[in-house]
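To start, the structure under review is shown below, and the notes come after it.
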Amino acid sequence: MNSESKKQLNIIVLGTAFMFMFTAFQTCGNIAQTVITNLNHTDFHGSGYTSMAVIYGVFSASNLISPSVVAIIGPQLSMFISGIFYSIYIAIFIQPFTWTFYTASVFLGIAAAVLWTAQGNCLTINSNENTIGRNSGIFWALLQSSLFFGNLYIYFAWQGKTYISDSDRRTVFIALTVISLVGTVLFFLIRTPEESTSEEDTAVTTADNRIESTLEQSKMSRAIDAFRRSIKLFATKEILLLSITTAYTGLELTFFSGVYGTCIGAVNKFGSEEKSLIGLSGIFIGIGEILGGGLFGLLSKNNQFGRNPVVMLGIVVHFIAFYLIFYNIPNDAPIASMHGTDSVAFMEPSKEVAIFCSFLLGLGDSCFNTQLLSILGFLYSEDSAPAFAIFKFIQSVCAAVAYFYSNYFLLQWQLLIMAVVGFFGTLSFFSVEWKAPMFVAKSIGYNSI
């Protein structure tokens, strides 16, 4: 097997491992608030929204040190250890206690920062400027397949249920824990790609490889160097502009992965299907993500128009989804009690419209994320770990903020915030993409960092 084939296989294994892990975790996030409101004992006082706010808050802070961790122990071991903490968090739901729930949330936030920094590093190591778009699409499609499998089980298992029993909860989360562990083990199948001697491949190397070329450097000095590079990179014009786009992905990530499913499950007008519709919503989000990731990954091979048309498609699709959700879902749905809401928005709640919006949310999200992964790998091929750490830092800060205000804000205000940030994020992405080839050609500022 030649070097390129090994790299391609590594991308597939990476995506498959994430697919298993996030089949468990994204399903967990989708149903967490609904499960918690249905706990039949009063000694648990946790909130799914608050837990996610803690996770993403710690996640954001931990991104400052995650490049150093990856520099010391490498991307493969970083992802394996992180996967263990993901599995522990999911297992907490088998028999939840408030203190274990929030403690696991803190540790998961740290693990998530290391996991995603290592993922970005691994993706870049196994790509070059010609394959980064394709590989980003393949990875994203495999990752978001996770939304399909876990939520398909939820849809059938919770069909006709208006209340989630302890037995229902334990069965689901035992299965999800095992699935997460399977994905964690798969990280050991990733192999270090052989270095190519061609000028093209030599030009596209990672920050970690360049740091390690000085054999005398200690692990601590490499960690300090990675941290210093992250701070310097954060202050550059391109990263600052892309941070607005990244901020939007954090807000809409919170909405489609935690808030929207809760909204659907709280609408009493949906009848006995309200709980199973949470799973169906997750499935159609996944279909949108898979379709977008696969399509844009294939188109990237012969895309003469750059990344901007895909991002434009993403914001238009999301604006349509926000409009339909505003008309279809009651305003108090995100903060409804365990008894749900009998309110009506501007139309009689429609299950078909709600599920169609789920598809649009997934499709739009894939537009933004595949193109952000692609442009980061293209611009910062020599600083992949710090660049992806900054990306996840900004995204997780905004996700934490969004999960926090989801406890209090009505639906209309959440949609308005996303619409405004999404508009300006799209404009800022356009400005970076237009100058991307010139930036790479001149290697402005980064060879000296």
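The first residue you see is number 1, and the count goes up from there.
In case you wondered, yes, glycine gets a Cβ from its N, Cα and C as well.
The model shown is predicted, which means the values in this text are computed figures rather than measured ones.
If you look up TrEMBL, you'll see 12-36 (among others) marked as transmembrane segment.
Look at TrEMBL and you will find 48-65 (among others) tagged as transmembrane segment.
Positions annotated as transmembrane segment by TrEMBL: 77-94 (among others). Outside the transmembrane segment (77-94), and at least 6 residues removed from its termini, the chain residues within Cβ reach (under 8 Å) are 17, 21, 24-25, 28, 32, 35, 69-70, 100-101, 104-105, 107-108, 110-112, 114-115, 117-119, 122, 169-170, 173-174, 176-177, 180-181, 183-185, 187-188.
The feature transmembrane segment is assigned by TrEMBL to 100-118 (among others).
The transmembrane segment annotation in TrEMBL covers 138-158 (among others).
Within its own chain, the transmembrane segment (170-190) has Cβ neighbours under 8 Å at 10, 13-14, 16-25, 27-28, 31, 76, 79-80, 83-84, 86-87, 90-91, 93-95, 122, 150, 153-154, 157, counting only residues six or more beyond its boundaries. Residues or ranges marked as transmembrane segment by TrEMBL: 170-190 (among others).
Under the heading transmembrane segment, TrEMBL lists 239-257 (among others).
Summarising the annotation, TrEMBL assigns transmembrane segment to 277-298 (among others).
Per TrEMBL, transmembrane segment is recorded for 310-329 (among others).
The transmembrane segment annotation in TrEMBL covers 411-432 (among others). Outside the transmembrane segment (411-432), and at least 6 residues removed from its termini, the chain residues within Cβ reach (under 8 Å) are 238, 241-242, 244-249, 251-252, 255, 259, 263, 307-308, 311-312, 314-315, 318-319, 322, 325-326, 329-334, 368, 371-372, 375, 379, 402, 405.
With a threshold of 8 Å between CB atoms, the same-chain residues lying at least 6 positions outside the transmembrane segment (138-158) that come near it are 11-12, 14-16, 18-27, 30-31, 123, 164, 168, 171-172, 175-176, 179, 275-283, 285-287, 289-290, 292-294, 297, 362, 366, 369-370, 373.
Among the stretches 12-36, 239-257, 277-298, the one making the largest number of Cβ pairs under 8 Å with the transmembrane segment (48-65) is 12-36. Long-range Cβ contacts of the transmembrane segment (239-257) within its own chain (Cβ-Cβ under 8 Å, at least 6 residues beyond either end) map to 26, 29-30, 52, 56, 233, 285, 311, 318, 358, 361-362, 364-365, 368-369, 372, 375-376, 387, 390-391, 394-399, 401-403, 406, 414, 417-418, 421-422, 424-426, 428-429, 431-432. Beyond the transmembrane segment (310-329), the same-chain residues lying 6 or more positions past its ends with a Cβ under 8 Å from any Cβ of the stretch are 245, 252, 260, 263-264, 267, 296, 299, 345-347, 349-350, 353-354, 356-357, 360-361, 363-368, 370-371, 411-412, 415, 418-419, 422-423, 426, 429-430, 433. Listed as Cβ neighbours of the transmembrane segment (100-118) (distance under 8 Å, sequence separation of 6 or more from its ends, same chain) are residues 44, 46, 50-52, 54-63, 65-67, 69-70, 74-76, 78-79, 81-86, 88-89, 92, 385, 388-389, 392-393, 396.
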